Amino acid sequence: MLRLENIHAGYGPTTILHDISLAVEAGEVVTIVGANGAGKTTTLRTIAGLIRPTAGKITFEGEDVTRLSSHEMVDRGITLIPEGRQLFPDMTVQENLLMGAYRKAARQHKDAALEEVLSLFPRVRERLAQKAGSLSGGEQQMVAIARGMMARPKLLMFDEPSLGLAPIIVTQVFDVIETIVKTGATVLIVEQNVFHTLKAADRGYVLENGEIVLADTSDALLHNDHVRQAYLGI
Amino acid sequence: MNTFLQVLTNGIMLGSLFAIVAVGLTLIFGIVKVVNFAHGEFLMVGMYLTYVLTTWMGIHPFATVILVAPALFLLGAVTQRFLIQPLMSADDDHIQIFATVGLSTALINLALLVFGADIASTPASGLRTPLQLGPVRLLSGQVAILVASIAVVVVLQFFLSRTQTGRAIRAVAQNRAAAQLMGINVNWIYILTFGIGAACVGVASVLIAPLYPTSSGIGTYFVLTAFVVVVLGGLGSIGGAFAGAMIIGLIDSFAGFYIGSDLREVAVFGVFLLILILKPSGLFSSRLNLSHVSP
């Protein structure tokens, strides 16, 4: 479904990703594991069209999407739920959700999509009229995920969905993600909570200093000595 | 008592004049985060257009709004696309300010080249006729400005809060990166917003042209006060700009009458400095504020 071939990317003169190649097949849950600064967020931002790669090729459903900008990627069915929620603080929760269905294709079914995500997030329904900025961190994360689903994306990318949340909320967030996975969604997830994420994922890539050093099934990675030492602390 | 009411009315009329000039300025600042120093010259361009269309085609100045507002929209959109946007990735944000200052100077000199240094008087078309409203006298053209300034504020607020495009504009102002992720074309929103802000000043110029003589320097005269109004109301706040304009108009009017006409500006800027010291973010920086920075 999604294929990155020898991608180089970064910010201005600084190259962060060196020769990244990875693939996500339809219906799969794939995770990228790595330390802070390894380039996980940069990878997701590059796929989302926020960063233009300096070399390499990205294809999505057979189409070359390397040079497309972020709004064109949303049209193709790729949505990134960014790190730190990134809601529109002075807009109501409902307005935030509606922005998730901003593109023309999504606008036609925004009412149906709203019902779908609200049935998945009953807590969000209670907060519809509230300012997004007034919610707690966990609630904001739920709204961010719900907003990302409003466009009914084919590929949903999560960037650190549990970052900065209380442990009990983290469990809730993972429950939600697992529910989404069960609906057959294709998911690419970046998470500091490596153990939890590998448990939920089919496959994983290990990213170090902007390069992919390991790629395997989640089970194999969970038993890999390097992964256990560096990321699981076992 | 009658004198007081007259001074009060003058203040409100002056305030609505400042409001209609300032609304576009605060919109552009709130969304695009660019201080448009050419805003006054946009007003000047609009007034010359009104003058030309009125004198050559012999139509009522207000009727020219059908052409002047779209023309100013285009001027604003082109300014954003070809002057500001290429500079947006520059390391130093101040470069955009210098660019708009440059545009301002260019437009003033262009006006001097085309129209010379003489003032151009748009036909009054009955708009300078005094009306007697109970104890107070005012011009019909002033009433039009008051009505139009309220209408512009209401329409803009409605557009920003109730339409999908308006919500997208607010989304871009509140969190640009997230707006991009929603599939909002941020560059296009900036072009649209700059255009709308300039179209607002287009509406202002059509209303002002019959009352004030048009010259190449007219923009500077209005825009300095417009900046004060925008800062006073809280940068990016449309309702705040309206309220700020009324405050400035009233201070100007009352100080001019009760203290002395020489000291009007001293009073206006004195109060302005005082408010800045006491409440640096402006008087009205809550719900209406578009330039809210996320925590």
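Cβ atoms are placed via backbone N, Cα and C, with glycine included.
Positions annotated as transmembrane segment by TrEMBL: B:12-35 (among others).
What TrEMBL lists as transmembrane segment is B:65-84 (among others). Long-range neighbours of the transmembrane segment (B:65-84) within the same chain, counting only residues 6 or more positions beyond its ends whose Cβ lies under 8 Å from a Cβ of the stretch, are 28, 32, 34, 36, 38, 42, 45-46, 49-50, 53, 96, 99-100, 103, 190-199, 201-203, 205-206.
The transmembrane segment annotation in TrEMBL covers B:96-119 (among others).
What TrEMBL records for B:139-160 (among others) is transmembrane segment.
Positions annotated as transmembrane segment by TrEMBL: B:188-212 (among others). Note on the transmembrane segment (B:188-212): residues 17, 20-21, 23-25, 27-28, 31-32, 34, 36, 39, 42-47, 49-51, 54, 61-62, 64-65, 68-77, 79-81, 84-85, 122-125, 127-128, 139, 141-142, 144-145, 148, 152, 156, 165, 168-169, 172, 179, 218, 222 of its chain, located 6 or more positions outside it, place their CB under 8 angstroms from a CB of the stretch.
The transmembrane segment annotation in TrEMBL covers B:218-235 (among others). Sequence-distant neighbours of the transmembrane segment (B:218-235) (same chain, 6+ residues past either end, Cβ-Cβ under 8 Å): 17-19, 21-22, 25-26, 29-30, 37, 39-44, 47, 104, 107-108, 208, 212, 241-245, 247-248, 268-269, 272, 275-276, 281-285, 288-289, 291.
Per TrEMBL, the feature transmembrane segment maps to B:266-284 (among others). Long-range Cβ contacts of the transmembrane segment (B:266-284) within its own chain (Cβ-Cβ under 8 Å, at least 6 residues beyond either end) map to 225, 228, 231-235, 237, 239-240, 243-244, 247-248, 251-252, 255, 259.
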Which residues, given as numbers and ranges, are at least 6 beyond the ends of the transmembrane segment (B:12-35) yet have a Cβ under 8 Å from it?
42-43, 76, 80, 84, 96-97, 100, 138, 142, 145-146, 148-150, 152-153, 156, 169-170, 172-173, 189-190, 193-194, 196-201, 203-204, 207-208, 222-223, 225-227, 229-230, 233, 235-238, 240-242, 244-250, 252-253, 289-291
Same-chain Cβ contacts of the transmembrane segment (B:96-119) under 8 Å, 6 or more residues past its ends?
34-38, 40-42, 44-45, 48, 79, 83-84, 87-88, 90, 213-217, 219
